[in-house]
Amino acid sequence: MGKSCVVTSSFSLLLLFLQTLKYVHAGFICYGDFFNVNYGVSRTYLFSSLPSNVVSNGGFYNASFGRDSKNNRVHVVALCRRGYEKQACKTCLEHVIEDTKSKCPRQKESFSWVTDEFDDVSCSLRYTNHSTLGKLELLPNTINPNPNSIDSKFNNMAMFSQEWIAMVNRTLEAASTAENSSVLKYYSATRTEFTQISDVYALMQCVPDLSPGNCKRCLRECVNDFQKQFWGRQGGGVSRPSCYFRWDLYPYYRAFDNVVRVPAPPPQASSTIIDYGRDEKSFQGSNIAIIVVPSVINLIIFVVLIFSWKRKQSHTIINDVFDSNNGQSMLRFDLRMIVTATNNFSLENKLGQGGFGSVYKGILPSGQEIAVKRLRKGSGQGGMEFKNEVLLLTRLQHRNLVKLLGFCNEKDEEILVYEFVPNSSLDHFIFDEEKRRVLTWDVRYTIIEGVARGLLYLHEDSQLRIIHRDLKASNILLDAEMNPKVADFGMARLFDMDETRGQTSRVVGTYGYMAPEYATYGQFSTKSDVYSFGVMLLEMISGKSNKKLEKEEEEEEEELPAFVWKRWIEGRFAEIIDPLAAPSNNISINEVMKLIHIGLLCVQEDISKRPSINSILFWLERHATITMPVPTPVAYLTRPSLSLGH
């Protein structure tokens, strides 16, 4: 019975694969499920301006369009070979777009890395229903070998193999060494003199959003693919979504016009790239022994070293596991590893600073990027915030909450290790006139919805009930796709599920985002988080900082909620809306007005009239006409005489 189920399942998967993988041809693959009309419209919209966008952005461009759904949102990545001519690049992309439309009329994903008809330029185009930005993508892959055999051209295949491997290694090292001055930073073209032939040409390129280590890995996979499957051919190309490799006995893409020839390399006894023979005819027996025996010895040494390194890393990186009272575990990191990862907490690695310490970027030995929060020594409440955040984030998992990877409490250090979020925090965008232009209404709406989902999880959907107590723009991190992640749970409070509010004698947080009942009396609830959400929402709509507004209009001591409320009731809506926000085909002016309405409902002085985060998310997700309560006056706050922490 078990075997029958396995066979049936395997056959079903095969049928599904044959159904979804509709087209494969020289450097071109269509795959995935069939898309709907909205997905097709989004794809057409992105394709319409893609060639010009690639050229105007230095040869590499990525974008996404559509509602935040795998069924509607399209992500596209495109690039040209470095050193391209602008018109040749545009023409190449225009051709591949037309091919994509005709050969992939209904499928959600496509990948191609092709050349124009004259072999003058290469370009790559990929679209998917998920973001690939910054991710190593090895599949699908295509291999296009030269149909002719190389055996007839070389008498000594062993010598050719050694020289070929040396050339490939040199090209690979150069391509995977990032040149930060160029958008197309991972690239190398080499022209090498061989003993038995005048020139051999090799070219490698990676998409520029990879790490150097991932670029190198991708290119090695391409080289190994060719060696395993088509060794003995007179050249060929291997392409993957993240990288491309080609070698030939003649120049191509006009990539070698200004490349200086490298003299024939000295013979090598071994290589870091494994060499595979195509068949017995390609090598004589003695030559096989020359190549294979050293390779096997090196492989054994390599495996032993890797095993030893892995054992060492398992003890070095994580030397303990922290168990919370509820049986949850959290990784404890070694201090020496964190010091190394952050370059001894150098200024170059510093990302920012908060009330309880500084945040640094780090890179683990595995290549994983991390964010390291180092709590300030002598900060008074640092120890409490440290323990609070570890205990809470150990038990919370949500796409809109920052992920805590582990901690370190070695010696007198208290350190938290998070996933690295590349686009920093929301305040770096919303309060900067240049960066704010990136925040189209589509992006702003996505961020607002994401923060609301994160709060809903904290307030209602997790096993706990948590009040954040310090929700603000600087505590909203943005990933590579500008999706928000709520961060900084050091001040959060844990409630039992039947509790609805609490009171504290130690008021902590950021003035301007605090609900009036919390700032004045220390009373907090889910509705105090809603108030903070409302202030942040109004900041995103207006592009104005609550603090900056106070300084600009100091005489009136008018905060942002009051500023928006007055103009709302007077009908002066244009003064509320950020003039730098780019228009959107998806978000109408009515949607923007709805956002203002929701923001004002959140910052009402009467706690009972503020909506729950569940209601807010319901309103945000309904794009038809909806009925919402009429907002009542907001809290008119003046700076209190009390000091925070009373």
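A Cβ is built for glycine as well, from the same backbone N, Cα and C atoms used for every other residue.
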Query - From N62, N423, the one Swiss-Prot labels N-linked glycosylation site - result: N62
Query raised in the report: From the set N180, N344, which residue is assigned the annotation N-linked glycosylation site by Swiss-Prot?
Result: N180
Query raised in the report: When the domain 'Gnk2-homologous 1' (27-132) is classified with DSSP, how many of its residues are helical, how many are strand and how many are coil?
Result: 37 helix, 36 strand, 33 coil
Query raised in the report: What is the average pLDDT across the topological domain 'Extracellular' (27-287)?
Result: 82
Requested in this report: Only counting partners 6 or more residues apart, tell me which same-chain residues put their Cβ under 8 Å from the Cβ of S474 (phosphoserine).
Outcome: G354, S425, L426, D427
